[in-house]
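Going by Swiss-Prot, these are the annotated features:
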type	residues	note
ACT_SITE	276	active site
ACT_SITE	350	active site
BINDING	264, 269, 287, 348	Mn(2+) 2 binding site
BINDING	269, 346, 348	Mn(2+) 1 binding site
């Protein structure tokens, strides 16, 4: 079971048993807080024996001797502390969280000698702890060692010692909102597909109303009235009805244009008639990672009271093979009026997105549109699971996204767009076809979407490699990563809040 933390901040802490976690700069002799937590200086001998050099994220676990103010001391190396950035502080928090087990309380000393760890560092450290503590264990029936008889997790009381308590508390309120948004996105991706269909997903988004988000849910009938033939074509093979969810957060000025985020929400993707291989198909419960990220982002923006008008639109469908399913060779008419020849029913995400993009642009006239989608396997071939693909018709927006990715370490790599690629999706029988063939697959998918954004600044993030099954690290031990929530929150915070 996952560990839960009750985190507080203090300038000093009275030590009386429990765990002390001390950060150690590779360039200093003693760890932070050593004078109070380790008066006997047992660290010096332990470090010498273990050849501990305080390399970044390395650790030394010490049982405190009789008479010590704490029961146990864990020293975590920071490397050269003067070089730490915001993401490094997140990772240190995650490393600390991973080592807190079987204790009721922990004091964490982060104010390194010669490197003042102010409120921002403390809040980032705490955010890293919250992100690392997450695990998806809803369907596990066996209790962990730290659980009570009812299976409830006993929270560990954590005090982070920092010289700037007021700033840490203020910034941590926003950090908690970010953590909650990421965790919501992770939960949605991790849920089994028999539990989370389009209707159930829409209900999860509807719950954001308690935070002040306005939520509308369009049914199949309403989408048909709007002419969303591309989205509805994907859904027609499933007994589960599709939904289009519109979330509005009005935190900016009354007449200020909103920023808009659109997510692909294929709650399960068999591939349809162009069916996928059986091996690994269970992972297609995560094919709604884009919609999950948008929902998590809207939670974060509302929970922290972001001073921006933001729109989140998610298209929710299930792609199933059935006697009524869409066929290769079908031609559908999108909301834009453009016709699409279906070449491969497994290239369905772009069909969902094209109607959602057109609807968003037509109704809200946003400053920009950013869509997120687990869209192509081709982006995995190109970038692996370390970076998401970025496609954009606007250099300023692309640069802002790239910069936000560097801050949050949710990194993006810009991919090309161009007329020669666009020609690859021309059709003999319709305005376009839904796949351009084997080569340049992630690019032709982006070119397809570009046909539905008109002149609005737009970016497409292909997160197929980063939303699920990505490399585990200090702040994520989950299959569903929640990729995109922190990235887009940073984008909004730095560039678009009034």
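Backbone N, Cα and C define each Cβ position, glycine as well.
For the recorded positions 276, 346, 350, a Cα to Cα distance of within 10 angstroms from residue 264 (Mn(2+) 2 binding site) holds for 350.
In the three-state DSSP assignment, the secondary structure recorded for residue 350 (active site) is helix. Rounded to a whole number, the distance between the Cα atoms of residue 287 (Mn(2+) 2 binding site) and residue 350 (active site) is 12 Å.
Of all the Cβ atoms in the protein chains shown, 31 others lie within 10 Å of the Cβ of residue 264 (Mn(2+) 2 binding site). Each residue in 234, 265, 266, 284, 288, 317, 319, 349, 352, 373, 374 lies on the same chain as 264, 269, 287, 348 and has a C-beta within 8 Å of the C-beta centroid of that Mn(2+) 2 site, without being one of the site residues. Spatial neighbours are here defined as Cα atoms within 10 angstroms of one another, and by that definition the neighbours of residue 276 (active site) among the binding-site residues 287, 346, 348 are 346. Taking the Cβ of residue 350 (active site) as centre and 10 Å as the limit, one finds 28 other Cβ atoms among all the protein chains shown. Within 10 Å of the Cβ of residue 346 (Mn(2+) 1 binding site) there are 20 other Cβ atoms, across all protein chains.
What surrounds the Mn(2+) 1 site, by Cβ distance within 8 Å of the Cβ centroid and not counting 269, 346, 348, is the set 234, 266, 270, 271, 272, 274, 276, 284, 287, 319, 345, 347, 349 from the same chain.
For the recorded positions 269, 276, 348, the largest tally of other C-beta atoms within 10 A is found at 348. If you take the Cα of residue 346 (Mn(2+) 1 binding site) and the Cα of residue 287 (Mn(2+) 2 binding site), they are about 12 angstrom apart, rounded to a whole number. Within its own chain, residue 287 (Mn(2+) 2 binding site) has 264, 266, 267, 268, 269, 349, 374 as residues 6 or more apart in sequence whose C-beta sits under 8 angstroms from its own. Under the DSSP three-state reduction, residue 264 (Mn(2+) 2 binding site) is assigned to strand.
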